[in-house]
Amino acid sequence: GGVLKDTIQMIHGPLGCAYDTWHTKRYPTDNGHFNMKYVWSTDMKESHVVFGGEKRLEKSMHEAFDEMPDIKRMIVYTTCPTALIGDDIKAVAKKVMKDRPDVDVFTVECPGFSGVSQSKGHHVLNIGWINEKVETMEKEITSEYTMNFIGDFNIQGDTQLLQTYWDRLGIQVVAHFTGNGTYDDLRCMHQAQLNVVNCARSSGYIANELKKRYGIPRLDIDSWGFNYMAEGIRKICAFFGIEEKGEELIAEEYAKWKPKLDWYK
């Protein structure tokens, strides 16, 4: 979630729990890197753990929206302490949304002890999102070819580079999950004709659910490396029946980069 460019990421727990966030990664965005500039935490103290942290969370959510008046979307995460004391973050989120009708909040209840690996957190967010948020919004479709690009997080700007390829092919990306993406675009994932998965470990779950619930096919690619990327472009173009466009794009990119690649030989 921390890669989204228009969303407050609220970590409900002690300040230290907010350390391992997008600030340890390289997730730029095309709106001035909003997601990399700020860390939000409820900064729970011992008294909040003893007496409950729900009021602290509610106050922090309102403060964040007040400080960021242009931002209307938020994801709230539990941590080990807030999960152990049983804070009902979903109830708090509903109350804040009632108080602020123009905002939308998603909650992720996956404290660190939930699973043996990071993948558990991916699974909880993937399934929670499709259960609660997908198909709660519709966007304008401007192309006869549409897809979701899933499991790419714009590390060092790769999502933005790949977007130039999709634009040249005439493919509309309904939603990026989640590199350089937006909260509301992800609510429209049901509108795509194809789910292209780049990182299956983190995001294959939601692609599988979209196929099960909406009949959207899943296509796995690997975008790292010239030959792998060319293979991925061919697979996507074959699905849409635009193979000629794909070959033109691949030829243009090879011609552009071949002299530099040859240097390494």
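The backbone N, Cα and C atoms fix where each Cβ goes, and this holds for glycine too.
On a predicted model such as this, the values are computed, not experimentally measured, just so you know.
As recorded in Swiss-Prot, the features of this protein are as follows:
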BINDING   Cys17, Cys80  [8Fe-7S] cluster binding site
BINDING   Cys199  [7Fe-V-9S-C-homocitryl] cluster binding site
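Cys80 ([8Fe-7S] cluster binding site) has a Cβ environment of 14 other Cβ atoms inside 10 Å. The DSSP secondary structure for Cys17 ([8Fe-7S] cluster binding site) is helix.
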